[in-house]
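*Asks:* Can you keep this structure in mind? I'll have questions shortly.
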């Protein structure tokens, strides 16, 4: 007899008129045997081992779609860890980097040979960045050769995608051999672009987009004085007057571009900036007026670039070719009108396949690769120009997302998980639940719920359980029911749901992260990124969960995942987790997030950004070296963002501690220890660490238990059950 019916049979006298059913429609519970007794631990472990012993890293790779969205940079290695191929398809076996080893050596304390950085952590791989640049250039070079195109390609990186100093400097350095430049959309972006390009190719473009005032235009013209290949792109018609006026005052001949507002538009969120109703660009009427105005000032030779932008994440090459073809027609018309246009800037739009589906009908995927994208562009421009007998223009693109997304990984730790599995309930436990029910609920249980269970009527069981629960909740709100009785009702209803097999198996994994700070696009626009465990991928993920962050905000969670999933396959935490539970650490990674996330992130709940390291491939025994490391913003740093003065705050707290210590004869020196601990709290990151690392516990031993505290990095030591520290010391090249 099924589990629930067994309990009913043993504990409840059936209502007159009902007979016990020999077999019930209720499925056998996985928790109880037919005798009502839970299986032994050894039996359960043996069953689990039998079912999942053959689980392999290849199965995890398929489960998390790693080969789809991760190729050619990410894979699952034979140890069940995520492996990085820093040179893409050209990576040799000995050059692969085990991501778990990177995390261990970055987060281990300095006394153990690590860097002592706290998670969350961004790991940048400049080798991947270099490979992305080279792959993009190679794709256009191949397309140009294949289609007999008579000009070259030289792209620019839009710094808004990721303004990090090392990212921008790397792109300038890696791209100098093929004249790769930068694009700026504001005055500070223009300043950093000017500074970085002083070390780049003199032919590299400095494309100036965005809304402009006199100061912006003056700065761009100063860049030309500094022999930077600067192009001022008109986003609005009235900007032309500013350019003409300032260029005359400074005595600088400008190079001007115009942004065309195309009719071509793609659907979805990322297409909202394109089309006739787009935010930026000039209509054909406005472009004609610009041409005439430049003619009047004998400056038509200054108009040398046509720019357009269909929208980010262009889903198909068909749509791409349609937009490029339209823009190429405008380019040919500008040539006919006498403009000296030489460059066609196709803007951004080169998409990323975030879910590995290669779909043309999704905001998070694209139906082409780099080679197909470049071929569609080159072919569309060549066709339009050849038809009009126009010389082929230099091709430029602003493919920021495609360049930087892969090179950066956000790593964070699951610190605990809610449990949906109650301890196995014995017959005595079930009987105790029933005995605690209030009288009217007990009568209703005997009259309806137990009878339905005996009949095997699952639907009625669920209906009666829900009605019983709702009535008891109302009684509790009215004050006529105690919390013990309400808990008994909750327990009974949970048992019914689990016995029938309709209980929600999705758990909540609490992660040491702020979604608002580190993954703002998920919260803001619902952008999905691949999120997976970075280790234990040779084990079957027996649970499903959503991820809940540290913020005091119900939106601070990740509950949508690639593949249309509302939960993520995850592993059981060892012990109670890696912070205070005494178990091993469980690390998760968010991939393909190198564009936009860092610049858009805020400081909700005053959680600052992650720690950051740069990891380069080397020929040492572990295949990598850390070339730069920076801890995340401290508590003092984020407080300064809110106009607080941390040193004044500390003095206030120190003064209060001294006042109280003067009245404490038992601990006259306590104020000094407390003040020292408070000072360290200002210096530490806002994220969670184990209580054993708390800088306050030394001054206040009574503070303890299993709470989380701010980290004292110098004293942080992983628990004994964490991933083992290897005996050998690793060498680092620290810039």
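Just so you know, the numbers here start at 1 and follow the chain as drawn.
A Cβ is built for glycine as well, from the same backbone N, Cα and C atoms used for every other residue.
What TrEMBL records for 152-405 is domain 'Orn/DAP/Arg decarboxylase 2 N-terminal'. According to TrEMBL, the feature N6-(pyridoxal phosphate)lysine maps to 160. Residues or ranges marked as active site, proton donor by TrEMBL: 552.
Have a look at these and tell me how they're positioned relative to everything else.
*Replies:* All chains included, 8 other C-beta atoms sit within 10 angstroms of the C-beta of residue 552 (active site, proton donor).
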*Asks:* Which number gives the other C-beta atoms within 10 angstroms of the C-beta of residue 160 (N6-(pyridoxal phosphate)lysine), all protein chains shown included?
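*Replies:* Cβ-Cβ neighbours of residue 160 (N6-(pyridoxal phosphate)lysine) within 10 Å number 20.
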*Asks:* In Å, rounded, how far does the Cα of residue 552 (active site, proton donor) sit from the Cα of residue 160 (N6-(pyridoxal phosphate)lysine)?
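*Replies:* If we compare the Cα positions of residue 552 (active site, proton donor) and residue 160 (N6-(pyridoxal phosphate)lysine), the gap is 29 Å.
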